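Colleague: I grabbed these lines from Swiss-Prot:
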- E80: active site (ACT_SITE)
- C143: active site (ACT_SITE)
- H168: active site (ACT_SITE)
Amino acid sequence: MRTVLLTGFEPFENEPINPSWEAVRALDGERIGDAVVVARQLPCVFGAAIDGMAALLRELKPAIAIAVGQAGGRTEMSVERVAINVDDARIADNAGAQPIDTVIAAKGPAAYFSTLPIKAIVRDMRAAGVPAAVSQTAGTFVCNHVFYGLMHALATPAGEGVRGGFIHIPYLPEQAARHPGEASMSLESMVRGIRQAIATTLATEVDVREQGGQLH
């Protein structure tokens, strides 16, 4: 049986919970097709988060690795297209670090694309009743940091054949209640969307070709 690694983050920026961890841990141990889900939490800390991801890849040897993170203010599940090789933190991480214009991997490329079937995932999430879209930026905080670190690891011989990517999710309703005017999504919808992302990835070797870009 194949393994699907899901990661979520600990809370950050004074939030008592992080929806990414709440959503992925709800799927821990679940069987989807011929795969079993293993969910693990990463620290919201530059460096340590990539180290944690690398250790999980070595330990679990997953067929698929999907990192999930909170993006307060987004209105739908965002299936990320690209990770960029820069840290530029608007706020400090949970260890107090705030790197600015810092390269993630000195010998790494400027960017990596997700190897998930991102457009098929969005199509199937929407068909399952979950608002979703392809996103062209994962930001420059710890989410992008982990996304880049994941894809950098999968670009090595040890990562050959492993598919990886990143999904951002909105606030939970109880978080949005503390941020008037911000969008939210129920935990049930988040879990359903991530489950669908896994099922679609397992079933899709070549992504669909359909519109998923933005003008700005």
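Don't overthink the numbers, they just go from 1 along the chain as shown.
Keep in mind that glycine also has a Cβ here, set from the backbone N, Cα and C atoms.
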Colleague: Quick one: Cα separation, H168 (active site) versus C143 (active site), in Å?
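Modeller: Here the two Cα atoms are 8 Å apart.
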Colleague: Can you tell me how many other Cβ atoms are located within 10 Å of the Cβ belonging to C143 (active site)?
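Modeller: A 10 Å sphere around the Cβ of C143 (active site) contains 24 other Cβ atoms.
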Colleague: Please report how many Å separate the Cα atom of E80 (active site) from that of C143 (active site), as a whole number.
Modeller: 11
